[in-house]
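Novice: Pulled from TrEMBL, these are the listed features:
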- S283: active site, nucleophile (ACT_SITE)
- H123, H232, E469, Y508: Zn(2+) binding site (BINDING)
- 590-681: domain 'Neutral/alkaline non-lysosomal ceramidase C-terminal' (DOMAIN)
- 1-20: signal peptide (SIGNAL)
Amino acid sequence: MIALTVVLLVLHFLSKDTDDSNNNIAQEAKYWVGVGRADCTGPVAQVPLMGYANPEQVGGGLLSRLYSRAFIVADPQRSKRLVFVSADIGMVSQRLRLEVLQQLRSKYGGLYGQDNVILSGTHTHSGPGGYFQYTLFWITSKGLIRPALSSIVNGIVKSIDIAHENMKRGRLFINRGTVENSQINRSPFSYLKNPESERNRYSSNTDKEMVVLKMVDEDGHELGLISWFAVHPVSMNNSNHLVNSDNVGYASYLFEQEKNKGMLPGEGSFVAAFASSNLGDVSSNTRGPFCASTGESCDNPQSSCPVGGAAMCMAQGPGKDMFESTRIIGQNLYLKAKELYEEASQEVTGPLSSAHQWVNMSDVSVELNATHRVKTCKPALGHSFAAGTIDGVGAFNFTQGSVEGDPFWDQIRDQLLGEPSNETKACHKPKPILFSTGEMTWPHPWHPDIVDVQIAAIGSLAILAVPGEFTTMSGRRLREAVKSEFDSHGTRGMNVVIAGLCNVYTHYITTYEEYQVQRYEAASTIYGPHTLSAYIQLYRGLAKAIALVSSISYISKLCFARSLSGLKCHRRWGCACAFSACLNLVFLFQTEHNFLTVEKYSSISSSWRAVLNDASWDTRWVFYWSKGSRGQSNVTIEWHIPAGAEPGVYRLRYFGHYKKRLLLLGTVTVPFEGSSSAFHVAAP
């Protein structure tokens, strides 16, 4: 008998209070609630971006700030707590999570730990990389980049600190509704392999439902919200070089600007998180895939074009460019969340509980039925992994849907990395293995074996913290199984939501049927064809437990001369001003300190006032590095003036650092700032 290896199982729960006095406070605060937001942007120039695995996609500036948004819910005695964090990053790594937990332990002792803290990434593909410990992710991220890792860790911890310090008696409300015109299934041919009877139960091949959790204090004052919705934040494509939070970040931006009126982005007490869910096969490029070479559709099983192959097949829309597409999708999400938030009336009540488990995912024995047992595999990636998706194409001649290996690439792999074992090949069938990452340990392990799974329950809301990207049907099966488990043990009516990309990243999780097709998502299901069955078994176990108890960086330093050039303005497209500065990498990110501001002149006070900063959607900070005899770099800051901009006198202001050599002290770094000339914005 193959035993299920469980390294650690932690259960925390609150017993149901049978005191009749609880029945008399239906309209009073049920919990203590705290919300917090902190900057976690990190480096914005000369740093690899995480998401498309494209080594040429290097940060070259800033479109929008990245934030960590933290939410703490505690029971009335504040003895039991749950923390949910949604961070504007690609995904959460084990190293990132462990460093966050270490800092929390040093500050709060055992109050916040692995059992009651969930860290979730929004999955933006335009944030800095370099915060993983596994070798596979080092290849495109150029190793471990400590400035990026530290910025994310510190931002997450600070957001939790703020939430902790601002806890107050509050109430929670849940609502759900349908979002239209914001997603497509990017692997519909895989989805069609699921049983017809199962598919007929659903009206769409994507999950269109958004779940919103509204938070207010005991007086009804608004605190924040968490929205869960399944969509890939890939409106900004792999040609983008500006750090940003993509469509879900833009939705947060719109909601927070609406609620924090008169405040600059990143300021104000209201916090709105648009968190990830089962987005594995869901694209925000709603016009679908077209051949860049010919313009014809390439919506076929291989996502390939007659001219140029798979590398030419790319999804588009809904806008004319990636900036407009980001706006459109983000606004759709914001408007639906706003509607659900305003109409939320179903109150969340009940005990807090959580279950957390470490498990060796490379060796899970799964009982499919009374007579049939299967097991998971050592991690491995298939050939179609290298093909990429219609949101971000791969390289060379790889195509999606490959169920046979390529002798040319297999021979190169065998020579450089070693041939996969027969056991691993057999376990992963029909996946043709490109990288047998579970058997590769130099210079460090390439993929995790030990993974943590987690459920947090706030009364009737169960949050499944999943360590990867579940496809649409995988997520449906998981939610249904967990809800059924709760029901069977007397905890009925649970609202089950999936929080994606939590705690550790294990790529994708497809259904067994989707796995047979071996498109990108299946080739990236690293623990083999029975991965989903294993996760369902594990999460059912966590749900049952809750119900029963009721509860090396490779980036070089940069140095340039300091100068300032003139301002160029145009009422239709905005203003741009160019600067250059002597910079060291550490100063290419300024957490909670602006690179730029747009300032408006007040004739009443005879002073300038910042009205926009580098977190504002209409501003862009673009860094260009050009090696020359003087080693100069150019920084261009832009303000794309919106139609509703208030007429008046404005200027652009830039903040940077340069290096100065002193006779006795050597080289020191000196801050500087520069302003453009004043310019007028007239009424349209």
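Backbone N, Cα and C define each Cβ position, glycine as well.
Note that TrEMBL annotation is computational and uncurated.
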Novice: Who sits close to H232 (Zn(2+) binding site): which same-chain residues at least 6 apart have their Cβ under 8 Å from its Cβ?
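Specialist: When sequence neighbours closer than 6 are ignored, H232 (Zn(2+) binding site) has H123, H125, R186, L279, V282, S283, S284, D391 within Cβ distance under 8 Å.
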Novice: Other residues with Cβ within 8 Å of the Cβ centroid of H123, H232, E469, Y508 at the Zn(2+) site?
Specialist: S276, L279, G280, V282, G468, G500, L501
Novice: Other than its own, how many Cβ atoms are within 10 Å of the Cβ belonging to Y508 (Zn(2+) binding site)?
Specialist: 23
Novice: So what sits near E469 (Zn(2+) binding site) in its own chain, CB-to-CB under 8 Å and at least six residues off in sequence?
Specialist: H123, N278, L279, G280, G500, L501, H507, Y508, I509, E521
Novice: Tally every other Cβ atom lying within 10 Å of the Cβ atom of H123 (Zn(2+) binding site).
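Specialist: So the Cβ neighbour count for H123 (Zn(2+) binding site) comes to 25.
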Novice: CB neighbours of the residue listed as 'active site, nucleophile' within 10 A?
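Specialist: A count of 24.
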